[in-house]
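The transmembrane segment annotation in TrEMBL covers B:33-57, B:69-87, B:124-142, B:154-174, B:209-228, B:240-258.
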Amino acid sequence: MPAIIVDRLSKSFDYYKKEAGLSHSFRNLFYRKPLRKDAVTEISFRVEEAEMVGFLGPNGAGKTTTLKMLTGILHPTAGEASVLGYVPWERRKAFKKQFAIVMGQKSQLWWDLPANESLMLNKCIYEIEDRSFGRIVGELSELLDVRDLLSVQVRRLSLGERMKLELIAALLHEPKVLFLDEPTIGLDLLSQRKIREFLKTLNRERRTTVLLTSHNMNDIVDLCKRTVIINGGKVIYDGDLAKVNGWLDQRKIVRVSLAEPVERRRLEAYGIVRSVEDVEAVLEVEKTFVKEQAKRILDDLPVVDFTIEDVSIEEGIAQLYRNGGEENESAPEIRQDVRHGVYALDGVPD
Amino acid sequence: MVPWLKEGRRYLRIYLFFLKNSVISMMEYRINFLFGILIEIGYLAIKFSYVYVIYRIGVSVNGLTPDEILLFVGAFTIMAGLYSMLFHSNFYMLPEHVRTGTLDLMMTKPVSLQFMATLRSIQIGYAVPNVIGGTAMVVWGWREAGVPATFGNVSLFVLYLLIGLLMTYAVFLAPQLIAFWTVKTNGINEASNALFDFNQMPMAIYSKWIQRVGTFFIPVFLITNLSPLSVLGRLTSWQLAWGLVAPVVFLALVRWIWTAAVRNYASASS
Amino acid sequence: MGFMHSMEYRTDFALSLLSGIFPVGVQLFLWNAVYGSSQESVYGYTKLEVIGYTLLAALFAKMMATGFEYEISKDIKDGQLSKFIVQPIRYGPYRLSRFLGEKGPQLIVLAVLAGIACVLLRNYAGLDITGTGLLLCAAALIVSVLLNFLIYYCLSTVSFWLLEVWGIFYTFALISLLASGGVFPIDMFGPVVQQALGVLPFPYLVFFPVHIALGRVDGDALLQGFGVQFAWIAVLIALTGALWRAGLRKYESAGG
């Protein structure tokens, strides 16, 4: 049975538009017209037990809103979801004891106290036995290399150190499902790597199901085989991250360093010119002609250096965002079947 | 073990953690602790000025002698200390928890959200001057008014103070819950604190109409009036009965508002 | 902008107005009850006079509310003060003009309310409020606002020596409210307390202007009151100057 099932989940909420001017302020005193915003629209996906799935999307795409619904913080407007067989927003105690959420910008640790005290409080809240508490704290702090930091006041810690302790506080009760909302936001590279390693170990050894949102592509590339990409409140891609740019696979990027500047018009003969800067040029060439064009370039132009690359994942995703973000139906050319995770391409968008 | 007893013990243990954590924080910010005491001494001076003026006037006010009034002001002062120690900073922080989303994390914990959000911080500093000053006023007024210091009387006084504490929780949490619907609540905070100060003087000084509103609808008068009235033997039988029923009614009411507020939060925010 | 901002939070707006009225309500009921049991005057005040006092004192005490002392303390703590040492703006005049600019609209609203209260008290309560009295009261209030500014400006210099000061400011404001007659008329505290307070600047902030409005201050006392106000202004200017210079020396040597 999948650990997480999301079925046509939607969330919309009312908000008030602020209008400038004193007369509007007066009018607002008595009446305000609510506006409706759809944060998430009929999204569906599944996460299997012990799977680690990346949840990707630009700001305001609805990632956090979805996580909040799956952790019972928010009630959906429509649709269904189940996490470990529970309906999250019923907020059953038994359910709460089996998952954890860590949000990069929110802290559950008491600011003025050593993290130890917060851990003790969680021990009490989750009714953890003394023996297993000692063992878990020992193991986790060993893995994250924060043994000595447990007795330091949280406000004296660096952001990276604090996040590691947040993770320990969240994992004390050995949750089966872990939700992470931007866990590496604002962290230095070293801490980011440490946390990623830790999450991998956790997933491998404890078979913890992880659903993770991040802006940081490295998090997702490194951790998640599968990615769900949402934009404008809709799922626009669900599948292997490496294939996200599959439909851009028909193109290759050719980078050329030249001995002397060459006119743009001359370069256009070999492919679409993405950029020319002094002696550096980047061209986009159709895959089928790459070999042929490369040969021509090397023959015709004063080439110093020359590389052929795939279109990057970031670029593929950026392209997806652009298409998925548009309101009309024609934009996302990817047809999806959530149940089977099969995706077909209807054509190559430009 | 009986399940509810086990739960009770768990909540008590969590509450002791809150207390312990608050004490550690207090040690950390000693200056805030000192300033808390200083400010409360300032307020105590204002409260005391009422007593001073009444003693100087020296006449009975609506049937209460200055000594008897001192008993009321004392109970009010003790309660003001307990309110600011146990509840006020929590209630004050509630909109902040909503705004910054710390409430979200509390919602995922397997304990009552209301318990977590409204009782977590305990500010001992604020209570010190008020509880000491208030107790001194009560003791003085008690002796001068000639109330027998029997065990029964003292227990009665304390019992109604505890009831007053429950009433304080219910009456002053409710207005803060509007934070779940609107963001800014400074005004609510000020207004409800000003309501609390209606107990500065015995309820007997107010008009009948206000007394009724303050007893039944916004029952602020039940917070500090019942203790002195009971030991002065002036508690009417309906006041006695309502004093016991009201905490149940209003705690249930605030629980209901709380549930509605959280439901609204869960469905109206993103 | 500030006004529009407060309109935006509508419930909030109405409620903060309400909270200003409540404490006055408690006092009015207290006086009602006190006079209910004895009809004669208490400490030289008839029932209507004491009601008049309570209303006007509440409004005048609001006029004396400040907040810039926290800003000064912040400027000193954050090193923002350095800007003023380099620039050719004097910090004192800058603070005073900002204070008056921000306080101005509020002062006007309070003055209008006080004017309405005076008219009502004269017409319906038969209090002896005269035009001359009101003019003199307005003059006294203008001096009071300046005097009050100087008191808090002087107090704010403690920020040079203490890192945390908010508790001191807050407590000072409470004591000042009590000592200025913002809670009870200070002559009700008895002649000893009144005389002791009389040498301090506080009674000249609220008690003195209210008494002028109520026509309870005559020729000599009036001159004497204004005299003390100006004397305190002179003293505070000198004191603040000395403290400020001493503070700046410490501030600069600390490399702020």
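Cβ coordinates are placed from backbone N, Cα and C, and glycine is handled just like the others.
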For the transmembrane segment (B:69-87), name the stretch out of B:33-57, B:124-142, B:154-174, B:209-228, B:240-258 with the most CB-CB pairs under 8 Å.
B:124-142
Using a cut-off of under 8 Å between C-beta atoms, tell me which stretch among B:33-57, B:209-228, B:240-258 contacts the transmembrane segment (B:124-142) the most.
B:33-57
Which one of these stretches, B:33-57, B:154-174, B:240-258, has the most C-beta pairs shorter than 8 Å to the transmembrane segment (B:209-228)?
B:154-174
Grab the same-chain neighbours of the transmembrane segment (B:240-258) for me: Cβ-Cβ under 8 Å, and only residues 6 or more beyond its ends, written as numbers and ranges.
114, 160, 163, 166-167, 169-171, 173-174, 177, 215-216, 219, 222, 226, 230
Could you pull out which residues elsewhere in the chain have a CB under 8 Å from any CB of the transmembrane segment (B:154-174), counting only those six or more residues past its ends?
75, 78-79, 82-83, 86-88, 91, 118, 138, 192, 195-196, 218-220, 222-224, 226-228, 230-231, 243-244, 246-247, 250-251, 253-254, 257-258
